[in-house]
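J.: This is the structure, below, for whatever I ask next.
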């Protein structure tokens, strides 16, 4: 069989597939994972401080309630980083296949560090210019974050062995959960420290005194601290060698691939340049992204990974970014006028930290431990199905959840939707695109899939902001929406569509990257495949 023969072609690839779990695997997880820790912290910490920004820059003391960001400003502040992320995923995904994974890996991290710090230094004379400067730097912060998605996933998949590859990629992505949790904890600590140092009355008791002047430092410090974990891992990221699969299969340098992996695996590996050249001659898998051959072999796979990620992120990001609004609507967080500015920040952070601790983080690690046992396909189906169930469980009896005494039940149900998002499609949509496409297009295709997801996140963050408005009493500056209850019905529908689209995505558990991508096939196999059947794995 051609697949069995292919495993003999390059010893370096066989060695990677069969390698036992070693220290370098954990090093790669930490180095790549700290990028995702930073990504999540930077993307989600803004939702913790948007209420504070509204109080500082848009409060009208003549009004009964404290200030809030105008609708267009709130949409820009919440969503502009996602626009940058989408662009970065496409650009750095393409660049990772052209220049190599390692070559552009440091660029993304440096951009994240610089723009995190610059975001906190968004000073100006007017509220509008402060917000414009903040949005400018958050766009470029998102651009750097976007590059981390395809590069980290591709690097980890190409370093890992085939037995535990899913767990390793999932572990990198699981650092996102710790980043979200860290954002909440950092905000709790900083807001508590400033509350203790600069006590203030509630807005209804003293409108001017409820927002102390020092509160302006709080949001800046929170945003700037996002640079620290990325800065600490920059040196180690630069020391990582290029992946053997890129060096051998794309750069066509078997000697360098063997030398790099000999150091990493601490075994002697033959360079086999002649075998690589024979393999390239025999295998015509050099088709491009827009070729008919790619469409036949991987077109449906790309549609599947892109649509499932798109639908998942509509629900996932709208929930994450607007937890504070949902909690306020069920009265779990008191009315803004009954709190000082810093107390409101503290309460929002406490609520989001509790959700992250109870639902978000555990879900990621369930995926890490089970993905190579039950497979990607089953986990993704289960996740979409359970998210649909729990969102309907929130939406159908919504008025019950908003009555006094039932708030804890709402929060528990809400946490379960996050658990099954992360023990489900939020993890698998990241993992699978890094496994099923050819090496020379792997980073690009992952970037396209991730960008589709961020398009969903933009719809979720911008759309939910308006859609969730009360149809009878919208917030100041907003038009009436469909309300939180009907918005939850829409999100449940997105999850149901994601369940259906999952059937376009192949199962990659236990298979080498070359088997999944079709690079293990030669010309004869391709002809016999009759349209790619030989490279389409079972989906269950």
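Every residue, even glycine, has its Cβ placed from backbone N, Cα and C.
Annotations in TrEMBL come from automatic prediction, not curation.
Computed from a predicted structure; not experimentally measured.
Summarising the annotation, TrEMBL assigns compositional bias 'Acidic residues' to 516-527. According to TrEMBL, the feature domain 'Major facilitator superfamily (MFS) profile' maps to 28-510. According to TrEMBL, the feature region 'Disordered' maps to 514-540. Here TrEMBL flags 23-49, 69-92, 104-123, 168-197, 217-236, 299-317, 354-374, 381-401, 407-424, 445-468, 488-506 as transmembrane segment.
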J.: Against the transmembrane segment (217-236), which of these stretches has the most C-beta pairs under 8 Å: 69-92, 104-123, 168-197, 299-317, 407-424?
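T.: When the Cβ pairs under 8 Å are tallied, 104-123 comes out ahead.
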J.: May I ask for the residues of the chain that lie six or more residues beyond the transmembrane segment (488-506) and have a Cβ under 8 Å from a Cβ within it?
T.: 300-301, 303-305, 307-308, 311-312, 314-315, 318-319, 376-377, 380-381, 384-385, 387-388, 391-392, 394-395, 398, 425, 432, 436, 467, 482, 516, 536-539
J.: What stretch of 168-197, 299-317, 354-374, 381-401, 445-468 shows the most Cβ pairs under 8 Å to the transmembrane segment (69-92)?
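T.: Answer, by Cβ pair count: 445-468.
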J.: Who are the long-range neighbours of the transmembrane segment (381-401) in its own chain, taking Cβ under 8 Å and residues 6 or more past its ends?
T.: 308, 312, 315, 330, 407, 409-410, 413-414, 416-417, 420-421, 423-426, 428, 484-486, 488-489, 491-492, 495-496, 498-499, 502
J.: Any residues 6+ beyond the ends of the transmembrane segment (104-123) with a Cβ under 8 Å from its own?
T.: 35, 38-39, 42, 88, 92, 95-96, 130-131, 133-134, 137-138, 140-141, 143-148, 151, 155, 219-227, 230-231, 233-234, 237-238, 240
J.: Report, as numbers and ranges, every residue of the chain located at least six residues beyond the transmembrane segment (299-317) whose Cβ falls under 8 Å of a Cβ in that stretch; write 'none' if there are none.
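T.: Long-range Cβ neighbours of the transmembrane segment (299-317): 82, 380, 384, 387, 391, 421, 425-426, 429-430, 432-433, 436-437, 445, 448-450, 452-457, 459-461, 463, 491, 494-495, 497-498, 501-506.
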J.: Sequence-remote contacts (6 or more beyond its ends) of the transmembrane segment (445-468), Cβ cut-off under 8 Å?
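T.: Residues 71, 74-75, 78-79, 82-83, 85-87, 89-94, 96, 146, 149-150, 153-154, 289, 298, 302, 305-307, 309-319, 321-322, 325-326, 429-430, 433-434, 437, 478-479, 481-484, 486-487, 490.
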J.: Which residues of the chain, 6 or more past the ends of the transmembrane segment (407-424), have a CB below 8 A from one of its CBs?
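T.: 177, 312, 315-316, 319, 326-327, 330-332, 351, 354-356, 358-364, 366-367, 370, 379-380, 382-384, 386-387, 390-391, 393-394, 401.
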J.: What average pLDDT does the predicted model assign to the domain 'Major facilitator superfamily (MFS) profile' (28-510)?
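T.: The predicted confidence over the domain 'Major facilitator superfamily (MFS) profile' (28-510), as a mean pLDDT, is 88.
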